[in-house]
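Quick notes on the structure that follows.
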Amino acid sequence: MDVDGRWRNLPSGPSLKHLTDPSYGIPPEQQKAALQDLTRAHVDSFNYAALEGLSHAVQAIPPFEFAFKDERISLTIVDAVISPPSVPKGTICKDLNVYPAECRGRKSTYRGRLTADISWAVNGVPKGIIKQFLGYVPIMVKSKLCNLYNLPPRVLIEHHEEAEEMGGYFIINGIEKVIRMLIVPRRNFPIAMVRPKWKSRGLGYTQFGVSMRCVREEHSAVNMNLHYVENGTVMLNFIYRKELFFLPLGFALKALVSFSDYQIFQELIKGKEEDSFFRNSVSQMLRIVIEEGCHSQKQVLNYLGECFRVKLSLPDWYPNVEAAEFLLNQCICIHLQSNTDKFYLLCLMTRKLFALARGECMDDNPDSLVNQEVLSPGQLFLMFLKEKMENWLVSIKIVLDKRAQKANVSINNENLMKIFSMGTELTRPFEYLLATGNLRSKTGLGFLQDSGLCVVADKLNFLRYLSHFRCVHRGAAFAKMRTTTVRRLLPESWGFLCPVHTPDGAPCGLLNHLTAVCEVVTKFVYTASIPALLCGLGVTPVDTAPCRPYSDCYPVLLDGVMVGWVDKDLAPEVADTLRRFKVLREKRIPPWMEVALIPMTGKPSLYPGLFLFTTPCRLVRPVQNLELGREELIGTMEQLFMNVAIFEDEVFGGISTHQELFPHSLLSVIANFIPFSDHNQSPRNMYQCQMGKQTMGFPLLTYQNRSDNKLYRLQTPQSPLVRPCMYDFYDMDNYPIGTNAIVAVISYTGYDMEDAMIVNKASWERGFAHGSVYKSEFIDLSEKFKQGEDNLVFGVKPGDPRVMQKLDDDGLPFIGAKLEYGDPYYSYLNLNTGEGFVVYYKSKENCVVDNIKVCSNDMGSGKFKCICITVRIPRNPTIGDKFASRHGQKGILSRLWPAEDMPFTESGMMPDILFNPHGFPSRMTIGMLIESMAGKSAALHGLCHDATPFIFSEENSALEYFGEMLKAAGYNFYGTERLYSGISGMELEADIFIGVVYYQRLRHMVSDKFQVRTTGARDKVTNQPLGGRNVQGGIRFGEMERDALLAHGTSFLLHDRLFNCSDRSVAHMCVECGSLLSPLLEKPPPSWSAMRNRKYNCTVCGRSDTIDTVSVPYVFRYFVAELAAMNIKVKLDVI
């Protein structure tokens, strides 16, 4: 993780030099580092999981032991390797390596082989190692296992990829999927909480508790809680295989160490020696253990093993002591290897719990970023992989038992190889997880949710694409909560989470985005040398008494390990020394280490101590260390106790220790693209962050190589004349999202009310905001096969009049051909019968065939059976299409106004857009007014203005700066001009504000949403029109529409809409008994004609003269029949 220099290359301001760059069109030597950093958290976490983490996970999987024919069989995974994606040897191909573009084009999965070495033993005697294929696992694009790793842009283009391909996603069935980063509690840190619902866990339980999420090196996690009970004792609870267990704390402490009761008592009361209540509580906890007859560590282990072994699923030959040790290893403080370290940590948690219950310290806010970290994609991948490997071992026993029931099976190398091949593969579980985002797990992996873990990395535009890699979600469980506390923006989030980049709907505050400078720690570092370094700085080891009383010392925790105690007067010096080592890269201190010293305040505040963190998945960000003059990565917890200045004049000597790298470091990547965002109302910046991701832009450059279901393309994009410096930092001109437009703020017609806007028809005819939609369809003839047949190929039957001059000889349309409704789309032949089949184009929208790809099978031996046809649908802006500026000012195109009727300036210039001035007062988007002046001056002087937020202030006014530039060009200081009416030619009385604004065309188009129906398909049961645009269904008519018609008194129109045009039917009814079901058509005598002289009779009354016809909705007849099935009779009165 490189700290120095990454943000030093930030452009001082935007420029137009790229327009005259002589190397345009030539791929650069290296990829843009800023873009690659956006997905670094995803890629690096997967690299660790697939390489180092996999070996740690294999070591953490305990041997699977079971009895078979009076023998003890042991299976152990000793090694596992994931191979880069490739096709099997013997495949017909030029290169065995598989590349992502091939998987996208064939709707297949980008995956590699997982091979493991399985060691087996009988009765404890090793018998050998078998190399076994466990299945395919998905590979993250641009990771070290990907075949694109470290390739330069030129080679990436040769493999049909983007020159700036960032990776960070998986390809599942041809679709790019991203594992979401989720907010989880900070690992290996005791969090004091107050939860009233804990009182319902048992008699005497209180709302006080201390929780810790213990995480191992291979990311396996177990949540562990200490509960305070009313009688002063403590209960320890943990979860094993989704089941909650409770254990008195005294049993856990005595099981971990062979200390005497007095030693345990002395350790627990450290710092509280004078607290008689606490001393009595500790004595009571130890007395509970003695009352169960457990006086020694071995007796306690035997007792715990006897109680828990039924839930641990261990072999019968395991003694109780080993079962208890298995429990301690898998459920209690699992991040620690030493039982002594676990003992000291539980003692610290107990002291913190009593301090919370006695009101001596505050509770920690679990919704604060201080007590949180992120769940990285590699972490989920590794946890899921480890569990599935454990399940594979269990499946081998099941297969072995089934085989033994049918035949006499002996355990040898050959038989085990056959049985191993019958175990459950890991291929389908992984593809299901990434394809659906649903987690199928017996343990739950310690998550609060089992759905929504993955999302599609759709390339609607480049902003939306890259935001997938910077978003963090609070969790699906919190979306259903009625409370708003989890959604609040807390001050602790400053610099880590963007305050404006969050949706304005249901996910508001739950779906957040990291700031541009925020990073996620992805590396593990071994900290074996740090405890000795701390002791050298004055920290007293945990098993040694300090010089001062414990109440005058801080506990020192390093990644959840109780290292020792430090004098409270010496602690600031120790923290500063560690910080200096971190910044200067000395003493092997990692640069992402977090040094948080929580001081004693004499008041109930956060629990004091010196907490050191080097673990991954934490959020860190760079700031300038004023004392050392270098950049430093700081974490969320240590930022609470720092004085970080923003501007130079806020730095006070002896108080300010750090300074922000730049004022806009609190904004996300997308929010940094908003020009003059500091001049806008905050909600407008939120809206732009969302609308910027809905813009019809230029998401990629390899349209000809993509097979996405739908892609958008703006045909006439432009580089904005007014843009922040971050726009150039990320080279966003390669993926533009809008057009510079001449905008006049004038209420010129009646068609611009309620945010509607007028567009110059001449500009529209010249291609203003013209776009296209690319749609791809896969046709696989193998899906059309009948049972046992393989005889269909694409082609045209010679002389077929249906496809003359429409399809090529291969049965496919010509490239560039225009398709209309009913035109031949493609044709295929049955080689056995010679019969030809023609499929016709069924879409109502005309299109152009853009490209056709021919696909094969995995072995390269497939016939001409699978193709992908991509069509291009031109989309000119039409009335009703949505547009927006970069300041959250959205509106629809209401009218294309003829150029001869548009107002014009003295120079004859006509605006492209007429914007209603009533859109400014309530929205307060002053940034749009400034952009209009800046864009106008930029066009006049041939410049590109810097719109980075916070560069202007009250002393350095933006109005003064851009007004003077307009004045220098001969225009009005305030950006207004005299306009002339296009209708009368008369000069307008008011000065009109006119300038250049960058406008975006959004993807919400009338062509995708309009719906018209006269007659069409109906539902078979209710006889009502079907819903849905794709099936030409009826238009939805809801309660609000009904109420509107009732309010206007148009009841007959309501009758026509909801009855005549819906499911009107004529039914026979008995007037006497009021039944719709009793009238039945009588059966005629054999001599009668079947169609003549037949009449309805009431089966209840036995009469036919009481039968009449009524018009009722068909769904009512269905409803009456359903009620009759429940013995409920419906009687109608006829008036």
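Yeah, the Cβs are placed from backbone N, Cα and C, and that goes for glycine too.
In Swiss-Prot, the feature zinc finger is placed on 1070-1101, out of the ranges 78-109, 398-429, 1038-1069, 1070-1101. Swiss-Prot assigns the feature region 'Fork loop 2' to residues 474-489, out of the candidate ranges 282-297, 474-489, 714-729. Check Swiss-Prot against the ranges 154-168, 439-453, 784-798 and you find region 'Fork loop 1' recorded for 439-453. In Swiss-Prot, the region 'Disordered' annotation falls on 1-26 of the listed ranges 1-26, 885-910. The range from 194-208, 359-373, 674-688 that Swiss-Prot describes as region 'Loop B' is residues 194-208. Nearest by CA distance to Tyr687 (site 'Active site gating'), out of the binding-site residues Asp367, Asp755, Lys890, Arg1036, is Lys890.
The binding-site residues considered are Arg180, Lys890, Arg1036; of these, Arg1036 has the fewest other C-beta atoms within 10 angstroms of its C-beta. Among the residues Arg180, Asp367, Lys890 said to bind RNA, no two Cα atoms are farther apart than 33 Å. Residues of the same chain lying 6 or more positions beyond the ends of the region 'Loop B' (194-208) and with a Cβ under 8 Å from any Cβ of it are 227-231, 235, 237, 246, 353, 356-357, 363. Below 8 angstroms of C-beta separation, residues 179-180, 182, 213, 221-223, 239, 241-242, 375, 380, 383-384, 387, 391, 429, 432-433, 473, 475-477 of the same chain, each at least six residues beyond the ends of the region 'Fork loop 1' (439-453), sit close to that stretch. Within the same chain, the residues at least 6 positions away from Asp367 (RNA binding site) whose Cβ sits under 8 Å from its Cβ are Thr485, Val486, Arg488, Leu490, listed in sequence order. Cα of Arg1036 (DNA template strand binding site) to Cα of Lys890 (RNA binding site): a distance of 25 Å. Long-range Cβ neighbours of Asp755 (Mg(2+) binding site) (same chain, at least 6 residues apart, Cβ-Cβ under 8 Å): Gln889, Lys890, Gly891, Ile892, Asn916, Gly919. According to DSSP, Tyr687 (site 'Active site gating') sits within a helical segment.
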